[in-house]
């Protein structure tokens, strides 16, 4: 409503900042310390004292700036036009499903909302009751006990104290409870993450697809340190073994484009999967684009996309456990089992799409758990050149400094940089009060440990032995998934569990391709200022580089920003000709501008 008022009442909305100087307080979207770093490199804006009574108003990249009052007035030429969400027309009604006694129809999201446009906050699927004209055949023969939800378990699991059905129907009306496991045990670290479904297009973990608390009556405790763990039925192996040292490996990048291609894009894997859903064997678990850690990382690093800055990226990895799932006869979580059982046999995309929204598209078959501690150093290339330092010199220096507890003066530093010069650079990294000359910014990104204190300390200084030990201890008890191997969700639909497994499996596979196309961020309009657009549900958002803000990253003090090209969505596959199909995409979302880099990758695919 507030945005609507700005559009209809004030043709020139006013964006207020308190004090446009080095001590500026940032708006909600930019943290205070980040804005200071932005001001440090954008020295073209000279701000007069807040105590002055009058000051000139001037234009800067479409912004009318009143220096004294610290206000930005956005001109109308770069104001984004709101884009309303648009649904397709309804599909035709399906036939009457004999088991659900319902008919179904659905709509696609033809255009997601963006820039404050009206959302699609109404349903995109509908059902109506009906009377089927054929019998329901969706039960599998069970020679054991049929749970209240319909799953089949062995009768020996009745009245054993465990909730083997998930709805506790196996523990009702028990005259006596024969507990198999009387000693206290814990769940494996991270086991609930591993039992969750994964939306591979967004890197979101969704609801449980496997039952992490089903033990099939077994009680053989696994001792890890002083703790006893009870192994779930679905787990083939859970090997707790700490691998890795508190050491950093680093790589140097001569430009932002090289850094983005090798580091930034690797953290959000959405565009690495083609329509064929070709999943690599084992891959690193990327960040969701609405993860606040990932957003912060992009905001801090992407503002250097139009500069000559150089980058050093350092990484330390700690593995604490290896997880492997059984190959067959997996016990599904009772809620996921019920949802699959409720799917219509006649294909209706809306119902299958809802399954992906709630439970993801894949399940985790293998995983490495642990933590990753990363630093990105952004270096001022002009100052390095003046001092006669190469990027390799600085990398050598920082590599020494990132070996926890190293004494700089006592270590030989190769190249053209002295121990004193190396010490000065490291002070710029680790001491926020030290005047920065060579280091424009450094950004810490910590995964694993779930410790706010560790994250806070990491953002302020180079790691110390105490900080790394604190992080390592936290990772042991709160690991995250580092790498994994996944399988499509439809592989969990087997004939031993579902009567119509072949039909359901074929429908889920078909829906997966539709869901991928509907979930792709290529459907978003471009953000301004090299912002990253991403699709979240039925609306698009922009991750703005620091120094940019607004719904489309349109508000900025910077001028002549180089805009990198970005791909449009793939076209549909062409009809088969000569045993081949072709699809295309264009580098026009947006096209490269002001010296920005073109899209990387192919614009044509053949299968």
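Here the Cβ of each residue, glycine as well, is placed from N, Cα and C on the backbone.
Just so you know, TrEMBL annotations never went through curation; they're auto-generated.
The disulfide bond annotation in TrEMBL covers 147-165 (among others). Annotation for residue 165 (disulfide bond): same-chain Cβ neighbours under 8 Å, separated by at least 6 residues, are 147, 148, 149, 151, 153, 334. In the three-state DSSP scheme, residue 165 (disulfide bond) is classed as coil.
What TrEMBL records for 159-174 (among others) is disulfide bond. Cβ environment of residue 174 (disulfide bond): 158, 159 lie under 8 Å away, each six or more residues apart in the same chain.
Feature annotation from TrEMBL assigns domain 'MACPF' to 177-523.
Helix first, then strand, then coil: DSSP counts for the region 'Disordered' (588-607) stand at 0 helix, 4 strand, 16 coil. Sequence annotations record features per position, and here TrEMBL assigns region 'Disordered' to 588-607.
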What is the number of other Cβ atoms found within 10 Å of the Cβ of residue 147 (disulfide bond)?
19
For the domain 'MACPF' (177-523), what's the model's average pLDDT?
82
